[in-house]
Amino acid sequence: MTVMSGENADEASTAPGHPQDGSYPRQADHDDHECCERVVINISGLRFETQLKTLAQFPNTLLGNPKKRMRYFDPLRNEYFFDRNRPSFDAILYYYQSGGRLRRPVNVPLDMFSEEIKFYELGEEAMEKFREDEGFIKEEERPLPEKEYQRQVWLLFEYPESSGPARVIAIVSVMVILISIVIFCLETLPELKDDKDFTGTIHRIDNTTVIYTSNIFTDPFFIVETLCIIWFSFELVVRFFACPSKTDFFKNIMNFIDIVAIIPYFITLGTEIAEQEGNQKGEQATSLAILRVIRLVRVFRIFKLSRHSKGLQILGQTLKASMRELGLLIFFLFIGVILFSSAVYFAEAEEAESHFSSIPDAFWWAVVSMTTVGYGDMYPVTIGGKIVGSLCAIAGVLTIALPVPVIVSNFNYFYHRETEGEEQAQLLHVSSPNLASDSDLSRRSSSTISKSEYMEIEEDMNNSIAHYRQANIRTGNCTTADQNCVNKSKLLTDV
């Protein structure tokens, strides 16, 4: 503990790291003293002692800035007192001692340690590194258009919860998607199926040749499909011209799905027109198999629902984060299929009633056995084959069970991130007695917003920051007047 001389020294002069002016006659002696000067930090009764130069490595933090830490100084005990979590401070002090390495103690929960990082003002960079070390996926920031009108249109179509009209557009979009999927399914019913697939066939009636054609343009299913495509095309074009980056627009998988959803209609329309012209000349323009494959692509419209469903978004994020585990699962299954299909083939080779004519023919049996489906269309009949089948089923259960916990853990992370963000959006969390600096407030006003939750918080500031009184500090999916980017993370407002 450092003892300062002078009985009538004020509080600032008695604080560690704040010597009274003129107390050191020579600058060299002052530097040597400050280099070795120690400071005592009391964390809820547990005292820590370190050198001032250790804290001075990070002057923008609470402990590294003499002015910021002064309000916690106790002149009677000549120490700084913080009524904070004691186990967490071991890691906080190590952050200063190691030059920026942050490690969470195993007995401290994630949320509590995050609060300590915010309280000691270690900075956004330290928080991001901590989240990455803990396995959190780095949040993606999306820029917004610079023009106000373009920005409003983009928010209207991209963020359904940003306003009432945006919700209406989202509801209309979901209804159109559902109608399109229902039409896709209903048109295959035999009682509703048209004979348009047989366009161009020739029927002989009373020794006369008649070319039978069906007009697709009068088909009710085609009319409803056309209305759906008009909406999909309008939505896609508006979002394309309103997006802040045309390159990023085409890189987005959801926009690619939107394009794929409307392409089959225009291809089908072109082929139908070509076939009608071909029928007039007595020839068929397009193969029915090609048309059926093109129509099959329409089923991908169901993925458009993921734009409006948090559950599907969570599932997609889980699969994306679990690609390594899924790759290992497929690799293990591949090895098992090769191994057990070969084993069962040679085990059943001498059996006349064997269902396995070759090793590739046994691939199907190995897959359904390892996945414990067991259709029963192929099965071993010898003792050796049954032993191989038993081992195949056991190996399949173990292989599938290995990566499942990691995938479930990823799902829980994304699910709780969504639900916790909804809870945080209902509260204004105060984690520090310090008001934000001008630079922090201006940085926040440039703002990052969450993609899922919206909340508008209006804080009445005191007279010292009256120029911020009229500012609306928004977190969640709300925007400010000078907002330039969108952050998909969940935010807490610290005042």
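Using N, Cα and C of the backbone, Cβ positions are placed for all residues, glycine too.
According to Swiss-Prot:
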type: CARBOHYD; residues: ASN207; note: N-linked glycosylation site
type: INTRAMEM; residues: 360-371; note: intramembrane segment
type: INTRAMEM; residues: 372-379; note: intramembrane segment
type: MOD_RES; residues: SER23; note: phosphoserine
type: MOD_RES; residues: SER322; note: phosphoserine
type: MOD_RES; residues: SER437; note: phosphoserine
type: MOD_RES; residues: SER439; note: phosphoserine
type: MOD_RES; residues: SER446; note: phosphoserine
type: REGION; residues: 1-128; note: region 'Tetramerization domain'
type: REGION; residues: 310-323; note: region 'S4-S5 linker'
type: TOPO_DOM; residues: 1-164; note: topological domain 'Cytoplasmic'
type: TOPO_DOM; residues: 187-220; note: topological domain 'Extracellular'
type: TOPO_DOM; residues: 243-253; note: topological domain 'Cytoplasmic'
type: TOPO_DOM; residues: 275-287; note: topological domain 'Extracellular'
type: TOPO_DOM; residues: 309-323; note: topological domain 'Cytoplasmic'
type: TOPO_DOM; residues: 346-359; note: topological domain 'Extracellular'
type: TOPO_DOM; residues: 380-386; note: topological domain 'Extracellular'
type: TOPO_DOM; residues: 416-495; note: topological domain 'Cytoplasmic'
type: TRANSMEM; residues: 165-186; note: transmembrane segment
type: TRANSMEM; residues: 221-242; note: transmembrane segment
type: TRANSMEM; residues: 254-274; note: transmembrane segment
type: TRANSMEM; residues: 288-308; note: transmembrane segment
type: TRANSMEM; residues: 324-345; note: transmembrane segment
type: TRANSMEM; residues: 387-415; note: transmembrane segment
Distant-in-sequence Cβ neighbours of SER322 (phosphoserine), under 8 Å, six or more positions away: PRO403, VAL406, ILE407, ASN410
DSSP three-state assignment for SER322 (phosphoserine): coil
Residues in the topological domain 'Extracellular' (346-359) grouped by DSSP into helix, strand and remaining coil: 3 helix, 0 strand, 11 coil
Residues of the parent chain within Cβ reach of the transmembrane segment (324-345), under 8 Å, 6 or more residues beyond its termini: 356, 358-363, 365-367, 369-371, 380, 385, 388-389, 391-392, 395-396, 399-400, 402-403, 406-407
Tertiary contacts of the intramembrane segment (360-371) (same chain, 6+ residues out, Cβ under 8 Å): 333, 336-337, 340-342, 344-345, 378-379, 389, 392-393, 395-396, 399-400
Chain residues in Cβ proximity to the topological domain 'Cytoplasmic' (243-253) (below 8 Å; excluding those fewer than six residues from its ends, i.e. six or more beyond): 142-146, 150, 154
Secondary structure content, the topological domain 'Cytoplasmic' (243-253) (per DSSP, counts of residues): 7 helix, 0 strand, 4 coil
